[in-house]
Amino acid sequence: MCGILGLLLHDPAVDAATEICEGLSLLQHRGQDACGIVTCGPKGRLYQCKANGMVRDVFDDKAIAKLIGGMGVGHVRYPTAGSSNHAEAQPFYVNSPYGIVLAHNGNLIDSASLLQFMDATAHRHINTSSDSELLLNIFADNLQQTGKFRINEEDIFTAIGGLMKQCRGAYACVAMIAGFGIIAFRDPNGIRPVGMASRRANAGKDWLFASESIVADAGGFSDWQDVKPGEAVIITRSGVSRRIVGEPATFAPDIFEYVYFARPDSVLNGVSVYRSRMAMGDALAEEVRKVLSEENITVDVVIPVPDTSRVAALNLAQKLQLPYREGFIKNRYVGRTFIMPGQQMRRKNVRKKLNAMALEFADKNVLLVDDSIVRGTTSKEIIQMAKDVGAKKVIVASCAPPIRYSNVYGIDMPSRLELVAHGRRTEEIADAIGADLIIFQKLTDLIASVRQFNPNIETFDCSVFTGEYVTGGVDEAYLASVESLRADHVKSKVLGGGSRESEGKGTNGINGYHGNEPVVTVNRADDTVGLHNTWNIS
């Protein structure tokens, strides 16, 4: 899961970098691993700054001052495919044809065949293991087929239409062509979000693309619209062009955006995230009431696990007429533990992030409300913290159903064996995390909680709950290959300093690629091949 942003200012003499940086800060919850900005200045010159780290750490005044130009693309990264190598920070750039920059949120499921095509047919070198670089080069290769000295909107629509026939998976992208304009497109299933908005600026308009509407709200933009599934939008200083270029497919946005990822003050696909979480709390309250009655258990207090579950927990408490209390105090200087790489790091940071107040737990039966239970790492630590300060019983209520299957569309749930609910019954999940009782939201209730605010969404991607993948093309062999390469114990070897050479040892694949996933073959002389990186240069 990542955050993407594109900005085109009507006045090319005004630099866009400061505003892009502010927008990325508002999307920081979508990725804490790396961030980057590329801007386009006079005569199509591109300026880049990207690195591992949070937005506040990478972009100081000196870094922003070097990013010249009235349009640009930004990205915050949370890695699922590829590694955390700084060369994989986005946006990616390719110089031929025309100078193209791309930022991508999502995950491709047909990388192996696309890499074969890149090597054998397109003769394009892919320098990292990121499928975002692969997506950029598919787009660039399609544009190159025009053979034109100068391209137009029709050429771009044709290139993106071709890309959508070639690529399978989830992708919301913002791109920029040097000296031309900014572009956004979304996969035909609309799994990942991206929208657009405008703002009056003297005699014209400024234009914004972003993953979430909060960026538009904060920047004074209005008329927020979602980019439609299979749609491409091209914005230049001359105008806006929109076209559906993908083949018709089932619109199925990822429901986990509403459960956890998106900010509550955002609107995605016409649905207020805040209102959907209120509805989740109302629906969960009925299930909690039923189960507590069956188990003959009384609850003294409802306490949310900060922050995402607060909205649902408050509604649940009101519906059950139970006291709502803030029992955990959060250290706001520790990032989101779910999107931290590695189980050990997540476990270590839970107690740094949260502190339990004995006053709210001592001698009470406590109902903890969480947005979801994925690996169980956070839940187990939190439950133990509650018991350590005197809770008699800890009952856990999850706004989401049990997560039993891998996510292959850009969320870091790669290995089924790492999911606490995989292969376990509800009682066994409770035992695994140390809860006295666990209550899960029903999938039908979760879907209804979101869909009631936009009945035009006929279905959602619920693959993490059902194991059914809307794009097709995901079989047991594919899942096994993903798990073998992206599980936490594999990532920890890379994060722990395992050499790139050892990763590629014994491979006979094309250009160092083996199996379904590429092996990193970073050019050590220059990790940002093709475009000067101004990060950390005084």
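If you go along the chain as it appears here, the first residue is 1 and each next one adds 1.
Placement of Cβ uses the backbone N, Cα and C atoms for every residue, glycine included.
Database features, via TrEMBL:
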- CYS2: active site, nucleophile (ACT_SITE)
- THR308, ASP370, ASP371: Mg(2+) binding site (BINDING)
- 494-517: region 'Disordered' (REGION)
- 1-16: signal peptide (SIGNAL)
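By neighbour count, meaning other C-beta atoms within 10 Å, the densest spot among the binding-site residues ASP370, ASP371 is ASP371. Taking the centre of the Cβ atoms of THR308, ASP370, ASP371 as the Mg(2+) site, the nearby residues of that chain (Cβ within 8 Å, site residues left out) are VAL259, TYR260, PRO304, VAL305, SER309, ALA312, VAL369, SER372, SER398, CYS399, ALA400. Residue density at THR308 (Mg(2+) binding site): 24 other Cβ atoms are found within 10 A of its Cβ, drawing on all protein chains shown. The subset of binding-site residues (THR308, ASP370, ASP371) lying with their Cα within 10 Å of the Cα of the residue listed as 'active site, nucleophile' is empty, i.e. none. Of all Cβ atoms in the shown protein chains, 26 besides its own fall within 10 Å of the Cβ of the residue listed as 'active site, nucleophile'.
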